[in-house]
């Protein structure tokens, strides 16, 4: 059969298109990384990576906020006073800092304890910590705005933590679906009940409420960061734990 000039030109192009389609099919059929993870697993890994990075950033902001509280003229006198009282084992300050509103949650203190918790329950614990800070962060920002002399550097960081905490919560809800944890709208979490102290007309009471919040916020953001690293390692059967960036140090 003789081909026209047009057909002769199109024939190589058709062969090329078919070859490319076969090539793409072969690419899709093999693992997409050296670790042997497929596309779905890689997307899940990205989700975990995003959550870990975000939690690290939030923890960093909490550390910065506490540092500014301790060094700024607005609050340093009161914060240094409470720190000295804590170092002297003053009963009021020690008891206050040992009663963060999330302390009712049974959280692991060691990696061995963490491994005894199922993945769904581990995700539930992280969600509870994040949800427990939704109201306190809002009121912390609101009260700081009304306090004379409150520095913008603190306000900006508290606001950023509040916003990023909500974003991280959404990320963890997506992760919860991966580990088969059914999300319930009315799932219980620790309730913060110290608004009266934060709004007190007594300056020392008000500043101690801020001192305690900044301390508890640091403790909990640090926990969330380490718990997410632990969760990531377990979800991917431990191979992630070989990376120094994912070494676990539970608080």
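Keep in mind that glycine also has a Cβ here, set from the backbone N, Cα and C atoms.
Annotated features in Swiss-Prot:
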type: SIGNAL; residues: 1-29; note: signal peptide
type: CARBOHYD; residues: 73; note: N-linked glycosylation site
type: DISULFID; residues: 100-216; note: disulfide bond
type: DISULFID; residues: 233-241; note: disulfide bond
Legend entry - Cα-nearest neighbour of the residue listed as 'N-linked glycosylation site' within the listed disulfide-bonded residues, 100, 216, 233: 216
Inset, instruction - Using DSSP reduced to three states, classify residue 100 (disulfide bond) as helix, strand or coil. - result: coil
Legend entry - Around the Cβ of residue 73 (N-linked glycosylation site), the count of other Cβ atoms that are within 10 Å: 8
Inset, instruction - Identify, among the disulfide-bonded residues 100, 216, 233, the residue whose Cβ has the fewest other Cβ atoms within 10 Å in this structure. - result: 100
Inset, instruction - Rounded to the nearest Å, what's the C-alpha distance separating residue 100 (disulfide bond) and residue 233 (disulfide bond)? Just drop the number here, would you? - result: 28
